[in-house]
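Okay, structure first, notes after.
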Amino acid sequence: MSAIVDIIGREVLDSRGNPTVECDVLLESGVMGRAAVPSGASTGSREAIELRDGDKSRYLGKGVLKAVEHINTEISEAIMGLDASEQAFLDRTLIELDGTENKGRLGANAMLAVSMAVAKAAAEEAGLPLYRYFGGSGAMQMPVPMMNIVNGGAHANNSLDIQEFMIMPVSQTSFREALRCGAEVFHALKKILSDKGMSTAVGDEGGFAPNFSSNEECLNTVVQAIEKAGYKAGEDVLLALDCAASEFYHEAEGVYSLEGEGLKLTSTQFADYLANLCDKFPIVSIEDGMAEGDWEGWKTLTDKLGKRVQLVGDDLFVTNTKILKEGIEKGIGNSILIKINQIGTLTETFAAIEMAKRAGYTAVISHRSGETEDSTIADIAVGTNAGQIKTGSLSRSDRISKYNQLLRIEEDLGDIATYPGKSTFYNLR
């Protein structure tokens, strides 16, 4: 039995210089698992609650000492002596101990740090790489990366309303080659921006954050970068967007306000706006194309684009099986973004991935804008054969740590590693 003998929570910093929670779990054998949790900027209103101290005299109120104290006291008491290999039982113990619907008492950040650290310790004890511990012998599919090379919206201080402009390398036969392609496009884009006298400073997720006059100008420039790097847009590399539409939706008026372009659009008009972009550019995926509360708008968008574009629910579904189930029943979207800290335990994360797959929805494993060097999501992507990962641009170590872990996993898998390319969009025609 892999009995838990010690648990230590601590406050560390994320990639934005804000406090986050890290946890060490020690087993009887002397093996240790360590995990740190991420934090988001644009968050869904129904996400599990991240516990912050609220003490303005310390880290501007963003300290996490309360969450850390919960780990070091009542969580520690509740799981001490439990078998680390019993992940589902352990996560259920945490959920019952918290006793709230949204994990607001103990904090999803405290619970997730423990959940992840336990899994890492158990994998180490079993002598297995983490992805293999998660997925067994069937884990062999590398994910297609969604690489966020231009940041706008809440992730950057510029005039772009759409939050992320991403590239997806799809013609390659390995993750290693896909990563190279992404990096070469990233550097080509930097040169184009530099030649135009535009900013090459990067946003929270490592993408560039220049001031473009419109979303179309940005997309044209990304296509230019793909071609400058020697690839074909639409063949070798596809485009993806994260609108984060909740951020510019005015519920009282029922309009989407694209301030950068001086547009105020109804749900139907915004769906037409996005469809027009998809007609002009090789866009294969749109995340949060409507606001989380605008389910009618989501239905309109799904009916219009759902057969040819991956429509990913992030703020919409918040990695929650109850909300996802409702979305599946109503025919809303066709894909879910998986963010481990939106739900707060690994068991619930895996349940959301499984539910999506059974319904013919794709699952995209994702980072948050406030990240750490922890690379667990890379192992989750391969362990669940998710087929897609979204973990930022080709700069900043907090993003690169996930890509480097995927390189190691692909090397470990050897000849049995597969790279799905375009077939990762198995529900599109």
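Each Cβ is built from the backbone N, Cα and C atoms, and glycine gets one as well.
Look at Glu205 (active site, proton donor): DSSP puts it in coil. Packing around Glu205 (active site, proton donor) is summarised by its Cβ count: 31 other Cβ atoms lie within 10 angstroms of its Cβ, all protein chains included. Swiss-Prot lists Glu205 with the feature active site, proton donor, giving sequence analysis as the kind of evidence.
Proximity of Lys339 (active site, proton acceptor) to non-local residues of its own chain (separation of 6 or more, Cβ distance below 8 Å) is seen for Pro38, Gly40, Asp314, Val318, Thr319, Ser366, His367, Arg368, given in sequence order. Residues annotated as active site, proton acceptor in Swiss-Prot, with sequence analysis given as evidence: Lys339.
If you look up Swiss-Prot, you'll see Gln163, Lys339, Arg368, Ser369, Lys390 marked as (2R)-2-phosphoglycerate binding site. Mapped onto three states, the DSSP output places Gln163 ((2R)-2-phosphoglycerate binding site) in coil.
Swiss-Prot lists Asp242, Glu287, Asp314 with the feature Mg(2+) binding site. Taking all protein chains in view, 27 other C-beta atoms sit within 10 angstroms of the C-beta of Glu287 (Mg(2+) binding site).
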Cβ-Cβ under 8 Å from Asp242 (Mg(2+) binding site), same chain, 6 or more residues apart: which ones?
Asn148, Ile162, Gln163, Glu164, Met166, Ile286, Glu287, Asp288, Val312, Asp314
Distance, Glu205 (active site, proton donor) to Lys390 ((2R)-2-phosphoglycerate binding site) (CA atoms, angstrom):
10
Binding residues Gln163, Lys339, Arg368, Ser369, Lys390 ((2R)-2-phosphoglycerate) - maximum C-alpha distance in whole Å
17
